[in-house]
């Protein structure tokens, strides 16, 4: 049992991930041809689109009014928290295509890494299928629903897997065809995929400039003063809108899957993550500002806000340009979901956690063709057989979980002690500060002595003694702590009955005294724990880029990502659990024995 547990927690050495000799371990065959501009374009394409063409109108009309501008700013800053953690890992572990999977592998352990990688694959599958379904829906709208009516009449309706009975839902063969075409584009080579992505992004930027310039001509500042002012629903509406706007920024992690194909990953990956988020935030904020300046927020159309905006002011010719931009945005977003999926599978297969044939790279195209074709085919089947509404409900949970664990991994690495290693290089003068069982090395100009093999042995003995002492303390405290826990659990039932506390109620909304007391209690505990973390000595190793404001930045990102995960529907969690069981079957049946 101990050996099996050690196998689940084994880690990939981070030094080996930085070393060029890693190629001999994973047989990397992917070409190094991507620049910082290419990676930024991939990130912008993966994130961009939904915020401008859908989310801005929905949040402005229903939730925040003109305050949607601040909703996008807040959501962008929160996304930047996770982006900074990704950027630091891009410097620490640049030569990888595994994104959050590899980051977890070098910090937390193999089982957690597989869990994250497996759920990233799920999110990319659903993102690809939903993107293709959205493009198909747009084509159907341009045909005035002629295609949909013909499909329902001659093929039949598509049953919903979530209880949403939609009479207009049908087997989407157009979405199937779109996914297969995009799979062929991805399999043709990374250079071809990036050129296609860059061309579509140029179209998106041109359409964005058109929206801003044309919108300014019809802007009316009075729309920000009337109808309840700039914050008609208060700051609470702005914050609720930020939770929805956050999903418009999801997708920048595609950049972290290109480490094996980037010319200078340690520089390009962190820069591209920051640049892409900045570009997306600029686009979202400016478009939402124009939207609420041209129209009162009560008149904004939820599903097609930009088309309706220009129609309302009489500039109906703009709908053709907006349609081109929306189509290009959806296609590039689909590319952003399909592009990283085979690369995560390729990295996991190279590590032996999934079937190794998925890691084969075709010599001619220099892409993991088998992983690309298999993942694309599964996504095509999902697009054919699952309605767009059901697909949308299944999104985001894996990505948010990956963001959370990347932030946690940064915390773990920044507070890990330096490992003493023998080296043929001349010995450097260092001081030793032993604090809370953690040895930290600090350069010093004072000669306190050098560390030799004998002193290292003494330090190892001291660490073993401390570890054994702590283990005995835990064994001594475990029985009484468990007894206290069981006693409190037994007391809680009569206490709840005496206080009249029902099992499920929105207590905080109604400001029940005991709920507010518990909330205050847990906030105090959280603050105390953060202060304790702040007192710990950090690893003195310096990198080209490091996430600032530790430990507050990753802790805030973890909190917000967890909050958003808990806002997802129950059916999403059920599907997530089913997918996890499938992954556990593969890992314990194959991965743990072939790692």
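The first residue you see is number 1, and the count goes up from there.
Note that Cβ sites are derived from N, Cα and C of the backbone, with glycine treated the same way.
Residues annotated as domain 'Cationic amino acid transporter C-terminal' in TrEMBL: 545-595.
Residues 51, 56, 59-60, 103, 238-239, 241-246, 248-250, 252-253, 255-256, 269-271, 273-274, 277, 280-281, 284-285, 288-289, 291-292, 297, 403, 406-407, 409-410, 543, 545-548, 553-554, 556-557, 560-561 of the same chain lie 6+ residues outside the transmembrane segment (68-89) yet bring a C-beta within less than 8 angstroms of a C-beta in it. The transmembrane segment annotation in TrEMBL covers 68-89 (among others).
Long-range neighbours of the transmembrane segment (101-121) within the same chain, counting only residues 6 or more positions beyond its ends whose Cβ lies under 8 Å from a Cβ of the stretch, are 7-14, 17, 89, 92-93, 256, 340-341, 344-345, 347-348, 351, 353, 375, 397-399, 401-402, 405-406, 408-409, 412-413, 576, 579-580, 583, 586-587, 591-592, 595. What TrEMBL lists as transmembrane segment is 101-121 (among others).
Residues annotated as transmembrane segment in TrEMBL: 173-190 (among others). Within the chain carrying the transmembrane segment (173-190), a Cβ under 8 angstroms from the stretch's Cβ atoms is held by residues 30-31, 33-34, 128-129, 132-133, 135-136, 139-140, 147, 151, 196, 261, 331, 334-335, 338-339, 342, 362, 365-367, 369, 372-373, 376-377, 379-381, 383-384, all 6 or more beyond its ends.
Here TrEMBL flags 202-221 (among others) as transmembrane segment.
As annotated by TrEMBL, transmembrane segment applies to 233-252 (among others).
The transmembrane segment annotation in TrEMBL covers 273-300 (among others).
According to TrEMBL, the transmembrane segment annotation covers 320-346 (among others).
If you look up TrEMBL, you'll see 367-388 (among others) marked as transmembrane segment.
Residues or ranges marked as transmembrane segment in TrEMBL: 394-415 (among others).
The transmembrane segment feature in TrEMBL is assigned to 512-533 (among others).
Taken from TrEMBL, the feature transmembrane segment covers 545-566 (among others).
Look at TrEMBL and you will find 573-593 (among others) tagged as transmembrane segment. Counting residues 6+ beyond its ends, the transmembrane segment (573-593) has Cβ neighbours under 8 Å at 7-8, 110-111, 114-115, 118-119, 122, 352-355, 394, 397-398 in the same chain.
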Run the contact check on the transmembrane segment (320-346) against the transmembrane segment (202-221): 3 or more C-beta pairs under 8 Å, excluding pairs closer than 6 in sequence. yes
In the same chain, who gets a Cβ under 8 Å from the transmembrane segment (394-415) while lying at least 6 residues past its ends? 14, 81-82, 85-86, 88-89, 92, 99-100, 103-104, 106-108, 112, 116, 119-120, 122-123, 126-127, 130, 247, 250, 253, 438, 533, 536-539, 546-547, 550-551, 554-555, 557-558, 561-562, 564-565, 568, 572-573, 575-576
